[in-house]
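Below is one structure; the comments refer to it alone.
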Amino acid sequence: MTTHLSEQTATAAASGAAATQRFQQKKTTASAGKERVDTLATEIIQAVHDVIRRHKVTYEEYDAFKAWLIQVGQDGEWPLFLDVWIEHVVEEVVNENRNGSKGTIEGPYYVPDAPALPAEATLPMRPDEPGTPLLFQGQVRSVAGQALAGAKVEIWHADDLGYYSQYAPGLPEWNLRGTVIADEQGRFWINTVQPAPYQIPTDGACGKLIAAAGWHAWRPAHLHLKVSAPGHQLLTTQLYFRGGDHVDTDIAQAVKPELILDPRPRVDGRGNEVTYDFVLDEV
Ligand code: MBD
Ligand code: FE
């Protein structure tokens, strides 16, 4: 029982520090030329100038903005801020020509190299893991309709209180994270529990912005996935639950109609089940 209480002692600064450290371990590969950097940096700065002129920003507001930006860094919330308010447009632009399954944002809480699991898998979870059991099953195929044997289905999601392992205290390292290897016909059966909606930490800089602007701090309940197979483009996506809270008002604007699941009760009475197939574009 105490394990479930301790994750609720999560702080913005601790989860922010973990997300910042994780991102700094990621291999980033951009090598833009001077011209590209000049164009993007100039236009971003001009966009800020435009807002200042249009709204006649005061020195008090300028100082508040400066203090807030400094606080975002101190709280380690740059990954959170960027993934909540910016990433969805990058995803839109980068994936606009795909023919396979829809993707959406990765967010700040992916951890590579989660434990490998067979096609029929149960995600690592606590013996008393709270929440409604969910069987998530499907098949990975190419755009041409060919089953992709041995496809990799990486899955990670929040628990029944809305917390992610490695970003909240008291949770086992790989809780509700796994790398499922699909069978010869690209099929998988993943036993887990349904996640709860995710609330942006209220005690950090992002929470302060949300409160000051009168926004809400919620993402709808979601499963995160990275699906891959040799010769095919990696698909980074999320799946949501029809009728769930905040599905129509995701603060991260990452919901798409194609990404909403309709789970139904299992005949054996053990929670819900849902089928979702992934279609990967060729490289
Ligand atoms: C999340 O769980 C998430 O998926 C995103 C995109 C941002 C913040 C928290
Ligand atoms: Fe998430």
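Placement of Cβ uses the backbone N, Cα and C atoms for every residue, glycine included.
Because TrEMBL annotations are produced automatically, they should be read as predictions rather than curated entries.
According to TrEMBL, the region 'Disordered' annotation covers 1-32. Using a Cβ-Cβ cut-off under 8 Å and counting only residues 6 or more beyond its ends in the same chain, the region 'Disordered' (1-32) has close neighbours at 40, 74-80, 108-111, 126, 130, 159, 161, 163, 166-171, 201-207.
Annotation source TrEMBL lists compositional bias 'Low complexity' at 9-20.
For 21-31, the entry in TrEMBL reads compositional bias 'Polar residues'.
Broken down by DSSP into helix, strand and coil, the compositional bias 'Polar residues' (21-31) contains 5 helix, 0 strand, 6 coil. Helix, strand and coil counts from DSSP across the compositional bias 'Low complexity' (9-20) read 10 helix, 0 strand, 2 coil.
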